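A short worksheet on the structure shown next.
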Amino acid sequence: MEILKVCFILLSTASFLWLSESVTLTTDYYQKSCPEFRQIIQQTVTNKQITSPSTAAGTLRLFLHDCLPNGCDGSVLITSTPFNKAERDADINLSLPGDAFDVVVRAKTALELACPDTVSCADILAVATRDLVTMVGGPYYNVLLGRRDGRVSEASTIPNALPLATSPMSEIIDIFTSRGFTVQEMVALSGAHTIGFSHCKEFSAQIYNYSKSPPYDSQYNPRFAQGLQKACSGFENNPTLSVFNDIMTPNKFDNSYFQNLPKGLGILKSDHGLYDDWRTRPFVEEYAADENKFFSDFARAMEKLSNYKVITGNQGEIRHRCDAIN
């Protein structure tokens, strides 16, 4: 009889663990546990975006850098310790903007007061990104909720997991397709460059001393290249120098980024690559001609990305602070 009791307890425990690890993400996950969730996120991002207009672009980039390498688990938010170099200290992540981290911290602080130990940092980042994108004119898309925060964040996992500004298009395509994204979805997500800016050091090799004639990459519109040379003058001594990714409507989420590329008005080598590569050019041309198509595809790609390798149940945790594991 005792053996049967033990077996029943073990089976019950196993069933509980299976159920807790198989939590389904839903749009109303916090409806009962934290009914103020959406209002708090909305108020936080609105106040932050008004005071710091670059927040939307920065948070979108932070979200992409969190999800693409190892899944949307908030691991990019964790700070390094003397015993571990975290993701945010990988070379490519050193330029992630402070405003993006700050908006997550502000939302987490408010949510901890309203409903302690309930909302994950991964969910905060996902919803804050969506709300900020819509605030600057981008499409609304559904964000499923119920993610747990990851307990691992290692800088060593980041190299080759995120595209560099100088990466050949083949490498960029490989990064996305190896994670289950199509070339079209990759191009749609690249449309995130319709807002935000790039540091001059990321494209300096293309505009200075490139060749004897002309002294810049011929993919650039000549007048635009000369303008970039002036705007980035002295970048060696001032690494914060930067230019908008979309010079036409830098603070509005629209399709002008794609319209710029055929005109030689892209900033980064990877931007030019989208138009030059036969695999990606058709989608650039399609999105340049049809903003609604771009918005629709971007929204679907973001929904897909936001669900990439999420962890639920006891696979992760609800961090007390977004920058540290419990």
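Note that Cβ sites are derived from N, Cα and C of the backbone, with glycine treated the same way.
Annotation source TrEMBL lists signal peptide at 1-22.
As annotated by TrEMBL, domain 'Plant heme peroxidase family profile' applies to 24-326.
TrEMBL lists CYS34-CYS115 (among others) with the feature disulfide bond. The Cβ of CYS34 (disulfide bond) has 18 neighbouring Cβ atoms from other residues within 10 Å, across all protein chains displayed.
There are 20 other CB atoms within 10 A of the CB of ARG61 (site 'Transition state stabilizer'), with all protein chains counted. TrEMBL lists ARG61 with the feature site 'Transition state stabilizer'.
The annotation active site, proton acceptor is assigned in TrEMBL to HIS65. Counting every protein chain shown, 21 other Cβ atoms lie within 10 Å of the Cβ of HIS65 (active site, proton acceptor).
Remark: SER75 (Ca(2+) 1 binding site) has ASP66, ALA86, GLU87, ASP149, GLY150, VAL152, SER153 as non-local neighbours, by Cβ distance under 8 Å and separation of at least 6 in sequence. Taken from TrEMBL, the feature Ca(2+) 1 binding site applies to ASP66, GLY71, ASP73, SER75, GLU87.
Marked as disulfide bond by TrEMBL: CYS67-CYS72 (among others). Cβ environment of CYS67 (disulfide bond): LEU305, SER306, TYR308, LYS309 lie under 8 Å away, each six or more residues apart in the same chain.
TrEMBL lists CYS121-CYS322 (among others) with the feature disulfide bond. Around the Cβ of CYS121 (disulfide bond), a 10 Å sphere holds 30 further Cβ atoms from the protein chains shown.
According to TrEMBL, the substrate binding site annotation covers PRO163.
The heme b binding site annotation in TrEMBL covers HIS193. Residue environment of HIS193 (heme b binding site) contains 25 other Cβ atoms, counted within 10 Å of its Cβ in all protein chains.
Long-range neighbours of THR249 (Ca(2+) 2 binding site) (same chain, six or more residues apart, CB within less than 8 Å of its CB): THR194, SER256. Sequence annotations record features per position, and here TrEMBL assigns Ca(2+) 2 binding site to THR194, ASP246, THR249, ASP254.
According to TrEMBL, the disulfide bond annotation covers CYS200-CYS232 (among others). Taking the Cβ of CYS200 (disulfide bond) as centre and 10 Å as the limit, one finds 24 other Cβ atoms among all the protein chains shown.
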- prompt: Roughly how many Å separate the Cα of CYS200 (disulfide bond) from that of HIS193 (heme b binding site), to the nearest whole number?
  reply: 15
Query: Taking ASP66, ASP246, ASP254 as the binding-site residues to compare, which has the smallest set of other Cβ atoms within 10 Å?
result: ASP254
- prompt: Averaged over the domain 'Plant heme peroxidase family profile' (24-326), what pLDDT does the prediction give?
  reply: 96
Task: Which residue among the disulfide-bonded residues CYS72, CYS115 has the fewest other Cβ atoms within 10 Å of its Cβ, if you could check?
output: CYS115
- request: Measure from the Cβ of THR194 (Ca(2+) 2 binding site) and count the other Cβ atoms within 10 Å, all protein chains considered.
  value: 30
- prompt: Out of GLY71, HIS193, ASP246, ASP254, the binding-site residues in the record, which is closest to CYS322 (disulfide bond) when you go by Cα distance?
  reply: GLY71
